[in-house]
Amino acid sequence: MASVNEMEKKLAEYKCDTNQATCLKLVRFPEDIEDESTTFHPEYSHQLFGDDEVAFGYKGLQIQLYYTAGNLSTLFKVKYSAKVTETFDCVEPDDVEGKIREIIPPGFCCNTDDFITLLEKEANFKPFGSLLHTYKVHNVEEGADLTYQIHKVDISCPGFREYHERLQTFLMWFIETASFIDVDDDRWDFFLVFEKYNKDGETLYATVGYMTVYNYYVYPDKTRPRVSQMLILPPFQGEGHGAQLLETVHRFYCNSPKVQDITAEDPSENYVKLRDFVLVKLCMALPSFSTEKLAQGFSEEMAVEAREKLKINKKHARRVYEILRLRNTDMSDEEKAREFRLEVKKRLFGPYRKNQRELTKMRKCLRPEELASHISQMDTRLQHEELEKSYQEVLAEYRRVLERLAQA
């Protein structure tokens, strides 16, 4: 038994957390390669290394994936201080290199000198597609405003297919359920964010993030753009680029009479927060969302204007209405706070009302003991507690949106 425990202890020394072991960089200058402050790590690595996100067989494992900031030309290296040997009873190390090769396209460098040669060609890289929007963000460290651009691209743009293959590798590290898309389907639209910066007197561009949107057909002659994937790379997160990107994409589709509304595929919690902020900001300018109209409750006029002018569906328009109504409600006034609470709970009560209708049907067709079982699951007091909990969660979400709006 002692020898077994000793072996397990020894083997445990050769396990590495793959989120920490994977080192990512966006390189602008040769000195960035050795600068640890420019390194960032994945949030997820389970799609390559399993649910436990562990690689076995190495001590001091470091998976280096470095990209030139603009064109994303790639340097890939695997380093370690020790590796399991045959003395461990034929236990083999994980094929780390093979797993990474599954997601990075061919043409990457394994040699730092070759990578630096590609880095020197970054001045030749220019953003793909057509320019939609330019904006500035103040950078505290540099004490200056930095310029960013958002471009709309389709797969036919020369060089973009290869660039996109490199760009989408980041999805595996930062979106929990990410998958690569079929770019040969011409219903995909791509939106890219770039930073303009200077290097030795030349203007260069760095990749900041991107969004993919799929245009679904809606009978008889409309489309419904659905946001599939959206990622702002970690070095640029928290600077407002996501909001700029989502607002630009909305405005782009708003100009098309063929678009019915804009949706999102399986949106994350962070995406919902971002969408709330952007849609509220857009709807504030609509006459139907004026202070006077908000006090009268959610109306068909709001739903129609949000859809026709901003391609926002009724469900999202209702959420925007509630956020703006909270903004205009004095919650220290008990009567006004009560009116707002009842207005939100009326919407939240929908699923519970459905349960009551189902209960009515059950009374007609179930035996008493079966009915008792279902009634116990639909306890009224419990429903009220859950409803209140849902309301408090929604209220907290809305207040976060309003705080961000106040700072914008």
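Each Cβ is built from the backbone N, Cα and C atoms, and glycine gets one as well.
Curation plays no part in TrEMBL annotations; they are all automatic predictions.
As the structure is a computational prediction, the values presented were derived from the model and not from experiment.
Under the heading active site, proton donor/acceptor, TrEMBL lists E265.
What TrEMBL records for 14-176 is domain 'Histone acetyl transferase HAT1 N-terminal'.
What TrEMBL records for 275-326 is domain 'Histone acetyltransferase type B catalytic subunit C-terminal'.
In the shown protein chains, 18 other C-beta atoms lie within 10 A of the C-beta of W188 (site 'Interaction with histone H4 N-terminus'). Annotation comment: TrEMBL describes W188 as site 'Interaction with histone H4 N-terminus'.
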Cβ atoms near E265 (active site, proton donor/acceptor) (within 10 Å, other residues, all chains): 13
Secondary structure content of the domain 'Histone acetyltransferase type B catalytic subunit C-terminal' (275-326), with strand meaning DSSP E or B: 40 helix, 0 strand, 12 coil
Average model confidence [pLDDT] within the domain 'Histone acetyltransferase type B catalytic subunit C-terminal' (275-326): 96
